[in-house]
């Protein structure tokens, strides 16, 4: 039911309609797995036109709905929602919104994430079927030409694309399902005045899926083919498409076998004088039909028989009659009858007799009576001819549908299904007959389903579930359905059957009887009886039906003469089309057409009521099939009879989602920690309380849901989408947990491997460098004094100190500037000096860079030119050109490369000279000529040998050589026979724990227990419970939960480390209890000092002290100043070291036993001599020393903020015997006053102890 079936031309285009979101309509379909694209912010998102959901309208009225649809239609937005009911307006043109890119954008998305679209309805149906295991159906309604067939095809397209399945049988099923569209459209669709591709039959396609949501089969049920179209059409309409396809594009084989000619040659295809459809290529459509037959699996013989029947129908229509002398019908052209007999493979005489003579029998007393042959007049003969044609085509169409179902039979068990109903729309013509009555009756039944499932059922359910609800008034069309189908009181169909039974011989008499029966319906407010016609007030409007010919159309029975004719055929396919044998003795009235359509409609309703429905309401914007025309009046009429306004009101006042407590809990129990544990259902209460708990734990507001008697009602779809998103996220979180644990384990393994590798490299990686260092001793052969630093055990011959061989960094810049080839291996690089001779001045060392490769020696200069650094190779010497290397026997770093060329030999000063000699000997493969003597020889000019003398100078700097006037002054070095010291042992440090991966305790191996282990258990593990009203799954017995363990105290690292190296003597399953934790170590003691003299600060960074004050030592400097802090005020500052006496805390001794009580003694009497002695002592007190001249510089030292005052430690306090707890600045009493000599002795002993510790550290180094 689209606008057109195929554009003229070879390229096949989409038949869809709607706004395109992708510019390229011709993108090919991407096979394979769907590509998940990275989410991006849509900066170019188009602004919404109107409202995309009619429930968001500020004013609810038919006019407001019409205005919104018109606004969106004018901007190519043809889809609009009413909740999850989709309203579609046919634009009669292809806007390219059904491309693969657009389809992928709706994959896995809910309704609110994407704009309204038929793909969204298909996605929702497929998701609900797969997630909730409920059968789904999509009911597409609307009048003829509104786009129902197009919507059905797009739903099939989407489901076939997203349903997955890489198996060949599943793909074959998809292909066959899609192939049913062109096949059934060719045989079941036709051009009408309102629609170029109108479905003239009803189709319910049921897609069958397995448990994985993959299509495994399908089944098609067809309803009431309009077979009268085979023999006649009104002007500007066509017969079924297949007749024009066959007559225009039949291959020569069929033209020769079946005498196929152009459509103008046949009465059945030329009566309406309409042979073509604008924009439709019948030749290309016929190729699609043949291809679809092949995909379905029709053999060539089956296809030949199908087209044989089509040719027979066309030729039967060309049989003409004329009156003979008796006024009876006679065949005008016997050759046509002969060819029809050839096609049906019957005797031509039997064809002649069946079309012109009717056999009648008389009954006598229940026995068979006489048989009479009654000639037919021309009118009766034409009716018999047309009846034969209609019967052949009707049965042929049923056979095609059955053949398709046979190919689509499921090959594996079916779990669920999705049904798609594509049935003819409501029709109102100038002359409406029995066909329109049946079509409109079926649409009334569909409207009744919509009312029952969306309006009435929704309100009834709210009342039944005791939900707070405001009732909405609506029109229930059940009265119209009863008017047509009821038997008591008799309806239209009952009156029609009665008329056919009582006046079956004469069609005119039967029609008059039918009119008389209709008078009994005159009291019905939805019915009006008029002269020769009657009016039924349908939901879509009042329709006037003509009574003429209705009884004949309702009989729908083939004369026994015609049944005998086809029964005598020699073609087995004809017998397949007419399988029932003629029962001559059967006197029962066969079912009429109205009986069949009523039974089919009721079966369809029963099928739809078993599934979860989705609705698409199609609207036809105009009757002219014009692309941009919007007829406001026509659309407003459709809005009214479709009941969109009532649907919007109920949707806004109702609930978007409702589900029984059991299914709700089964779906969402994972979202609450109280109803699930590790994926198991653990709730022990009933389903209703479980649902309440889930909604509570997911923080759903109370106004967003209501609890009914058996169901939970969720008000807005956003809430449901939020629950679904949280449920999906639960599984993502579980997967992330597993992934995180695995990645932690991998990180732990990698970290352990890295540590082993690091240790191995540290142990063995330096061996090669040590070999090179030892080789340097062999190069010198004990002929040259050594520097002390060269003999350190930690010395390694690394070679490329400047990183010339590295990629990036300054080394690469030097390499590029010097032009060093990338193929050269860098053996050595270092900064040094080269002796430069200048005219008129003495030679002077100048900085250079020395680079040794496996082929050259480069002397690289760095020069500033216009404040720009320029790097260039000042001298490039091939190593093969070096004849000798000359150096002195002292420890200096000078040597010369004797080349003997036209340029002077370079005299170089390099601190890593021995390493250079070693690498140069390696590059020369041991052919290095190293000259060691008292003088260094080199060619200052070509052929002019010059010498540089090296002398020992005790006054020279120990680490720097001095060159002056061809003399090198150097200090005495180590003996030439010296060798390198052994490699020092690494300083003992605490083992660093492996913390990556979070698999070990925070302290690492032997460390404290993990945080998880020390944290008390929150609750015991709950037992899994069976889901409500479900069979309990067989599971392994789960042990009873153990009581939560009491957390153990965290042991100290020392004790834990010791425990980690202790082997457990018992291998039994019961472990011995852990030893009690050791006592906590005492707090670290703070270094303090006692002020010996008063000191007044002269600068802001110095600290004032008074004699007897006790201050805390923050740091000690070697320049005679200590950084101290006043323990009372927390003020820091510098104090002269000579003014302080460092205090050493006494070692605590065990408390002695209490002394015996002493006898009381008299208080001493103060004498005058005591005061005099004190005054004398004050006069004899030595003067304080002068502070160091070099005061501390605070500019380069970062200020240390004063720490907060800490509680005094009595073990460190110098006034520990003072129970009053002074500030430390008070004068010590006479019993604790130490002499100055004693304090200095204690300070010396402390210093000696500290120095001893430093020496130990050096040894460890």
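Each residue's number is its place along the chain shown, starting with 1.
Glycine residues also receive a Cβ, built from the backbone N, Cα and C atoms like all the rest.
Residues or ranges marked as region 'Disordered' in Swiss-Prot: 1-39 (among others).
The domain 'Myosin motor' feature in Swiss-Prot is assigned to 49-728.
Look at residue 147 (ATP binding site): DSSP puts it in coil. According to Swiss-Prot, the ATP binding site annotation covers 142, 143, 144, 145, 146, 147, 148, 149.
As annotated by Swiss-Prot, phosphoserine applies to 370. DSSP assigns residue 370 (phosphoserine) to a strand segment in the three-state reduction.
Annotation source Swiss-Prot lists region 'Actin-binding' at 417-499. Restricting the average to the region 'Actin-binding' (417-499) gives a pLDDT of 85.
Per Swiss-Prot, domain 'IQ 1' is recorded for 732-752.
The feature domain 'IQ 2' is assigned by Swiss-Prot to 753-778. Sequence-remote contacts of a segment are chain residues at least 6 beyond its ends whose Cβ falls under 8 Å from one of its Cβ atoms, and for the domain 'IQ 2' (753-778) they are 795-799, 914-915, 917-919, 921-922, 979-980, 983, 994.
The domain 'TH1' annotation in Swiss-Prot covers 786-973.
Residues or ranges marked as region 'Disordered' in Swiss-Prot: 956-1093 (among others).
As annotated by Swiss-Prot, domain 'SH3' applies to 1084-1145.
Positions annotated as region 'Disordered' by Swiss-Prot: 1139-1261 (among others).
If you look up Swiss-Prot, you'll see 1212-1233 marked as compositional bias 'Polar residues'.
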Residue 142 (ATP binding site) - helix vs strand vs coil (DSSP): coil
Let me know the most crowded of the binding-site residues, choosing from 142, 145, 147 and counting other Cβ atoms within 10 Å. 147
Mind tallying the domain 'IQ 2' (753-778) by DSSP state, helix then strand then coil? 25 helix, 0 strand, 1 coil
Can you tell me how far the Cα of residue 149 (ATP binding site) sits from the Cα of residue 370 (phosphoserine), in Å? 53
May I ask for the distance between residue 144 (ATP binding site) and residue 370 (phosphoserine), taken between their Cα atoms and rounded to an integer number of Å? 50
Mind tallying the domain 'IQ 1' (732-752) by DSSP state, helix then strand then coil? 21 helix, 0 strand, 0 coil
